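Asker: Okay, so Swiss-Prot annotates it like this:
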MOD_RES   Thr392  phosphothreonine
REGION    24-67  region 'WD40-like repeat 1'
REGION    68-107  region 'WD40-like repeat 2'
REGION    108-148  region 'WD40-like repeat 3'
REGION    149-194  region 'WD40-like repeat 4'
REGION    195-255  region 'WD40-like repeat 5'
REGION    256-299  region 'WD40-like repeat 6'
REGION    300-328  region 'WD40-like repeat 7'
REPEAT    975-1120  repeat 'CHCR 4'
REPEAT    1124-1265  repeat 'CHCR 5'
Amino acid sequence: MAQQLPIRFSEVLQLASVGIQPSSFGFANVTLESDKYVCVRDNPNGVNQVVIVDLEDPSNVLRRPISADSVILHPKKKIIALKAQRQLQVFDLEAKAKINSYVMNQDVVYWTWISDSVIGMVTDTSVFHWTVSGSDPVKMFDRHSSLNGTQIISYKSNYNEEWFTLIGISSRDNRIAGNLQLYSKKRKVSQPLESHASAFAVIQPEGVDHEVQVLALASRLPTGSKLSIVEVDRNPNNPAFATKTVDLFFPPEAVNDFPIAIEIGSTYNVAYVVTKYGFIHVYDLETAKCIYMNRVSGESIFVTTAHKSVNGLMAINRKGQVLSVSINPETIIPYILSNLNDPGLAVRMASHANLPGADNLYMQQFQQLMAQGNYSEAAKVAASSPRGILRTSQVIDQFKLIQAAPGQIAPILQYFGTLLDKGPLNEHETIELARPVLAQNRIQLLEKWYGENKLACTEALGDLVKPYNTPFALKIYETANVPNKVVMCLSELGDFGKLATYTSQQNITPDYVSLLQNLVRVNPDQAAEFATQMFNSNPSINLEKIVDIFMSQNLVQQATAFLLDALKDDNPEHSHLQTRLLEINLINAPQVADAILGNQMFTHFDRAVIASLCERAGLVQRALELYDKPADIKRVIVHSNLLNPEWLMNYFSRFSPDEVYDYLREMLRSNLRQNLQIVVQIATRYSDLVGAQRIIEMFEKFKTFEGLYYYLGSIVNITEDPEVVYKYIQAACLMNQFTEVERICRDNNVYNPEKVKNLLKEAKLADQLPLILVCDRYDFVNDLVFYLFRNNMFQFIEIYVQRINPSKTPQVVGALLDIDCDEELVQNLLMSVVGQVPVDELVEEVERRNRLKLLLPYLESLLQSGSQDRAIYDALAKIYIDSNNNPEVFLKENNFYDTLTVGKYCEKRDPYLAFIAYEKGGNDTEIINLCNENSMFKQLARYLLKRSDSNLWSEVLQDSAYRRPLLDQVIATAVPESSDPEAVSIVVKALMEVDLPSQLIELLEKIVLQPSSFSENANLQNLLFLTAIKADKSRVMEYIDKLDKYDVDEIAEIAIENGLYEEAFRIYKIHNKHEQAMKVLVEDIVSLDRAQDYAETVEQPEVWSRLAKAQLDGIRIPDAIESYLKADDPSNYSEVIELASRAGKYEELIKYLLMARSKMHEPDVDSALLIAYAKTNQLTEMETFLIGSNVADVKAVGDECFESKNYEAAKLMYSSISNWSMLATTLVYLGEYQGAVDCARKANSIKVWKQVGTACIDKREFRLAQICGLNLIVHAEELPGLIRLYEERGYFEEVISLMEAGLGLERAHMAFYTELAILYAKYKPERMMEHLKLFWGRLNMAKVIRACDQMHLWNEAVFLYVHDQSYDNAAAVMMEQPEAFDHQSFKDIIVHVANLELYYRALNFYLEQHPMLLTDLLAALTPRIDHPRVIRIFEKSENTPLILNFMVAIQHLNIQAVNHAYNDLLIEMEDYQSLQDSIENYDHFDAIALARRLEKHSLLEFRRIAAYIYRKNKRWTQSIELSKQDRFYKDAIITARDSDQTTIAEDLMKYFVEIGNYECFAAILYTCYHLLRNDLVMEISWRKGLQDYAYPYFINFQCEMFSKVLNLEKDLKDRQAVKSEEESASTIGAGILGNTLMLTQGPMANNNDQFDSFQQASPMPRLGNF
């Protein structure tokens, strides 16, 4: 019955099986945009993840740590769209790149992919479309007001995105209402409708030319449920499509069910309507007829999509099942016919979807229309018949036989026209249509239909078309893939290029050489291309022959092109062809050869031969590349004017240093002027290789300083050899290249400066700039000044300091002063320098020579020019100090000198001037050292107070001899003089940091206790307190009485921290801070009695609260509660409840809690009061409390009472909050089982059902236990534990009764049926098979099979193995357990096993247990077993007679082992006739071995068979001897004839003569006539007188000889006639390729055998041979 269902239903995947949490199975977390991927937002272990499951490969699960509000995946690609609040992002997961992002200004409440590139997004007010490739979202339309307050569940568009539907649902009047907004993009209008689900579809109703676009709507309204199919966007060329509306059925129990989706099956033209509760409705789109309805999911469905691969739908339910539903193409048509009784629908669907099942209807309809003469309708029926059942040759013949009425189109043409309108023709139809079209010479019609893909291209069609149009036939052959006909057509058309391509693609090999020879004469270029393609497709072709073909026509270019492509792999075996290619081109086209060699395409040619040809052709460069001998190279290389310089330089890289040196010398020696430039370039490049010194010597040897200069100039900038640079400078001087000398001296870092300096001095150049540069760079300033001054070149000294390096002016001045130059000259030189002169160095140089005043004019000029160089002011300060020219004013007013330098300069001269300089510069360290050394403590104290630097104070207050006098000045002078609080505070901090409390107290008392500007300073008072607390606690109480500006809280806290509790208490008490005072009493002094007295004294609530907390901490709970009551303070209720509960003070606690309830409404307070009532057993007060208003956590209190086994109180609690689950458990403990079951039914909780059920089982309340159990067995995870509970207590009948009662449950699952089967196996095996037959499809086969194995239920085990398709196990059980064996079943099972070894195990089993059934088993296994192995098995056990029929059945396979065993069995049975048939028909056996065995057989016929075998295997002698032995002379004569050997035939003839059997003599003459020599026959006949027996032979021989002579005579005459004609004809020259002369094959050649026999017959008879 299951096979007759019109749908296919399967579970694609369990989301839980791929590790997704069940809590994630919902509309908000799961999206299903297509049948390719499921996308889930999961949260395992609190980690947000996005899980993508590939539905085509469920093991391919992709997890990404992504946090988002919503995720949708592209329908086809791994492109993911994420929404986090208003942030939208799209990522390509495979490319790992962001595609687009956007921030919305409204919240997106729903979104979905409406196409491959567009996401539809719905906000609270509008609908947007977002093209993710890069643009921003575009608003499409506004939401209709009817959708306000609804949850959007669907947004869809039609195929061209012109119509859209937006659906929202909401709760209204105790039902789920659906609202739909239909929007037209073209008209920009919306229409509101009441609907829950919708889908667009395109159909083509019967009789309508164009497609119709429809919209399917499903709704459930209070008045009824409807499915409507309406037309949208009507085509004006179509008739109007009538709206179809039908009732949508919902079962009575599905009160709250409603449609959630509609999916379209376009192939079948059906709509799948899915409801929330898992019902599927299948409707025909054209008629809106319901085809099928059923429930496919026990859990509610929340998302669906189209399952395109099967034209169905895919859905996901709350259990995480991914379900697939689709039409079953095999059963849908029979179902419609049998169940719906709607032939019209069946025919229409079968035609549209090409389905089986309606064939008879089509045939009946066709024959009926033909009989009525309605040929056009009959043609339509045939054209639309499913699977082409009516498009056959018989139907065509039927139409052809019908005569056309006058003036009407012939029926056969109507038929073909209908077929062409419907689609492409099949092969037979195409042929039948082509014949009349070609006969009318209207081939253009065929070409038109071919272009429209309406024809079925076959070889037969091509053969029909070829006589009319060869190019069109070529297309047909190509489409039909007929290679030989394609090659033929391409050859006829001359399209050899396409021919080569085609043959290469098709892997066929035509006669290429002939094709090439023809093509060379017609199109040489195309021939070259063809030859290349021919070689590429067949590399073994003879290349020499192809080259010869090209060269025979002197096609050098084409031959070259072919060889270049053919030899591109540069194989060694093609060396001769490489040489030939280069020879051809060097002779005919040297430039081509040059290009070939330049591209280095070949490496295996004869280098010597090609090099010589290159030299002759003027290709000097190529010749050099190929020559290896030095003599050849020297001969050619001197012609550098013919060579590319760059190439020549690279060419030298292949030589050793000595060879390079030799070739360069040869080039200079041969023609120095011509080759000098290239030699210099080569020498430059290979300088490191050959050695610069050798090259320098070479140029010097040839006395070419020009070459030396240019060579060294090219390497001087990169060399590290000082000698090379020196030689270059020397050569440049000789070549008068002074600019280059200057550049090298300025920029080069390699040369020896001393050596170059001496060279330049000796050269006495007119321009001393190079010398100046060398001396400046290497600090030879003194030498330079001395040289220039002594040689009266003072102008170059001026040039040096003015233009070259003004920074060296100090050294120049120093050198001039050292040689006693006139000071005026030096001052003038200084005044002439306009560059930046380092004044500090200049001052140092002059000061070292005690000539500082010399600089005064220069320095003052710099000062007047506005220079602010510090060195100038330093120098002026020193001059003013030494000259005592008002230095104090200068030091105080000037801000540009270096205070450190000047102060250091003044320290020994005048400390006060040094202090001024240091103070101006803030040089703290120097001032400290200066004042300490000179006892200037008063100045230092004032300076420190002014500086207000804590670090500086830390430094001076370090323990030293200077600290005490400094502090005295600070306390006595500096601080009293100061009015800056910040400065004083820094001093105080400094004293604190260095821990000088006595001095600090002394300082503070002076400025705080005594009248001063700091007396009222709170910070200083605080500091005084702090210092006293740390250093002298006895003064603290005195300060409390004297001071009043200090920070009370801070000082009190510090006093407490330092143990001065009484002082702290006094501070708080004086300042009326009673709460803090109480805190000191209870926490620090720890005197609760004093605290009690103090609280009674002050009578303040906060004081009582503080006291109560202390009493509570001291576990004086009644006192604490009393204090809290006096304070009227419930704030600390949590701690009071905890401690009072722990101490069991519930009576006191009740008073406190009642006070607290009057002040606040806290759940903890009310809960604690309930607990207190429970603990004091005040159930009446508790019940009153529960009836009244309260905020207690009743469940938690009830749980606590339950845990403490106070079940009566717990019962009250749970009853008040209707907590049926816990109430049921409580009633169990109270023994009220019926009430417990009633509560469990209300709770409907698995845990409760388990608890109540367990209690009922323990109390043997099996009726109640069954009620509980029925609610548990529907949960697979609870079932094993429940069964184990019954089994452990021995209640087997009861558990089986429970399970049987659950068989009718709607939610019965696989585990349920499986466990019931196991129970039957254990306790009621007699009912096991019945259960298996009914429910085998809903069992866990593996578990039930294990149970059957354990309980030895072998028949049941076999049944399960078969239905589980575990045929191997089923067969094994049947062989191992006799009671499970059934021959017929075993035959059906064994043919399906996967383990082939079971075949042979079964054969052995049958051989041992059921030998008479072996033949039947072998018949079933024949196609599957290894026949030689079977034969070996039975041969080994000597049971081959049992399988005789098997061997006969398979002998046609001609297997050696089978033939051998069969023949042995026939010999054993002495059945020679069957043996003869076997040997004649099947030759795969060891014939010689069988013959040797048979020739010794006792029966004559077997020996005759042995002779036959010998004859068949060409053992002629052995066969004849065996035949002679048994006197089978006829067999012997036949053997001699078959041997075709004269010796064997003559020996047998002699044997017959010897034994006197003349009849056999005559017989052999006739039979072996062609083997016997005539002379021998005549001799034997004459000697033995056997002429009468031999005369027939002689007569025939003479006749044959006469015929041969006549033929020879005729042949001779014909030859003479031909020879005469040839002599008279003109001579034809030899062919291009030098073809040799071939002999004409005349009649003589056809009679060689007769001619040979004639020659053998000519000599005289040879007597004496007999």
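Glycine is treated like the rest: Cβ placed from N, Cα and C.
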Asker: Go ahead and report the DSSP secondary structure tallies for the region 'WD40-like repeat 5' (195-255): helix first, then strand, then coil.
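Answerer: Helix, strand, coil within the region 'WD40-like repeat 5' (195-255): 0 helix, 29 strand, 32 coil.
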Asker: What counts of helix, strand and coil residues does DSSP assign across the region 'WD40-like repeat 2' (68-107)?
Answerer: 0 helix, 23 strand, 17 coil
Asker: Sequence gap of 6 or more, Cβ distance under 8 Å, 3 or more pairs: do the region 'WD40-like repeat 1' (24-67) and the region 'WD40-like repeat 7' (300-328) meet that?
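Answerer: These two stretches do touch.
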Asker: So what's the mean pLDDT when you look at the region 'WD40-like repeat 2' (68-107)?
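Answerer: Summarising the region 'WD40-like repeat 2' (68-107) by its mean pLDDT gives 92.
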Asker: What residues in the same chain, six or more past the boundaries of the region 'WD40-like repeat 3' (108-148), come closer than 8 Å to it by Cβ-Cβ distance?
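Answerer: That would be 33-34, 70, 72, 74-76, 79, 81, 83, 86, 88, 90, 99-100, 102, 155-157, 161, 164, 166, 168, 179, 181, 183, 185, 188, 190, 192.
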Asker: State the non-local partners of the region 'WD40-like repeat 7' (300-328) in its own chain: residues 6+ outside its ends, Cβ under 8 Å from one of its Cβ atoms.
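Answerer: Sequence-distant neighbours of the region 'WD40-like repeat 7' (300-328): 5-16, 20, 22, 25-27, 30-35, 38, 55, 260-261, 263-268, 270, 272, 274-278, 280, 282, 353.
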Asker: Per DSSP, what is the residue count of the region 'WD40-like repeat 6' (256-299) in each of helix, strand and coil?
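Answerer: When I sort the residues of the region 'WD40-like repeat 6' (256-299) into the three classes, I find 0 helix, 25 strand, 19 coil.
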Asker: Per DSSP, Thr392 (phosphothreonine) is which: helix, strand or coil?
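Answerer: The residue in question, Thr392 (phosphothreonine), is coil (DSSP, three-state).
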Asker: Measure the Cβ-based neighbour count of Thr392 (phosphothreonine), defined as the other Cβ atoms within 10 Å of its Cβ.
Answerer: 15
Asker: How do the residues of the region 'WD40-like repeat 7' (300-328) split into helix, strand and coil according to DSSP?
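Answerer: Taking the region 'WD40-like repeat 7' (300-328) as a whole: 3 helix, 20 strand, 6 coil.
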